[in-house]
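Colleague: Per Swiss-Prot, dUMP binding site is recorded for 26, 181, 182, 221, 222, 223, 224, 232, 262, 263, 264, and the stated evidence type is sequence analysis. Positions annotated as active site, nucleophile by Swiss-Prot, on the basis of sequence analysis: 201. The annotation (6R)-5,10-methylene-5,6,7,8-tetrahydrofolate binding site is assigned in Swiss-Prot to 224, 317 on the grounds of sequence analysis.
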């Protein structure tokens, strides 16, 4: 048996495996892909942290709070031992004149196929992370990912150089004009794509208020189904909870709409392992603070009664 959250995710995986198109991709890994899909999660029934594999709430929450703070430097994430953005910052570093270590070209693929190189890569990454944490000047130069999510959410700059805080504006709109159809935040800024370490995969979200409940719909242009989507589901569910609390509302639905939803060819075995598992009951979320969404910390958040199967490792495509 599967709870409704795991069942929705499993249905996406199964459909892509069954009818998806085999495609090449930017990372030269290869994918099975479906264009256009939608999942719905009733947040009143629990918190959608998948249980058929362990998903780290700490990683989900610290990344989201990083976005909310408008931060774009991995130093904040590394202080919470959150490594999910390391590869993109590291790639910029090894391409710079500052780097003088062993050749790290195409480290993502080489680390998977060459054990000796993998040890070199892990050592270089370890040194890189340590310098980011200990050397603020180095972190400022090589830890920053450019104008990624947090920058667009909190400090969108228009063609005239005016700065606009999308997230704060949307929260005020929800409070004062809940029926508006303009509760939208976009991370997709076409004029700044080239200034981002990775263009936004989850590109735009919209809020909807009905009967005192706040719902959120995300449009995700590109979705790594195995590694990314479980985090994205939990992240936007958490964002919905935080904004609902900020606005004095209950939570409604999280609606997840996909463009290119894909399974990487080297994730298929891992996906099939997960699909063979039964689920546990979903956990619940507690927000143990009355702080503003802009001041809340990871330590103020708590996941209650989370039981899951073990995590399943798979390589990230860079």
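From the backbone N, Cα and C atoms, a Cβ is placed for every residue, glycine too.
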Colleague: Compile a sequence-ordered list of residues in the same chain as residue 222 (dUMP binding site), six or more apart from it, whose Cβ lies below 8 A from its Cβ; state 'none' when nothing qualifies.
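Modeller: Residues satisfying the criterion: 201, 259, 260, 262.
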Colleague: Rounded to a whole number, how many Å is the Cα of residue 182 (dUMP binding site) away from the Cα of residue 317 ((6R)-5,10-methylene-5,6,7,8-tetrahydrofolate binding site)?
Modeller: 34
Colleague: If you count other C-beta atoms within 10 angstroms, which of the recorded positions 201, 224, 262, 317 is the most crowded?
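Modeller: Of the recorded positions 201, 224, 262, 317, the most buried by Cβ count within 10 Å is 262.
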Colleague: What Cα-Cα separation, expressed in whole Å, is found between residue 317 ((6R)-5,10-methylene-5,6,7,8-tetrahydrofolate binding site) and residue 26 (dUMP binding site)?
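Modeller: Between the Cα atoms of residue 317 ((6R)-5,10-methylene-5,6,7,8-tetrahydrofolate binding site) and residue 26 (dUMP binding site), the distance comes to 9 Å.
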Colleague: Among all the protein chains here, how many other CB atoms are within 10 A of the CB of residue 26 (dUMP binding site)?
Modeller: 8
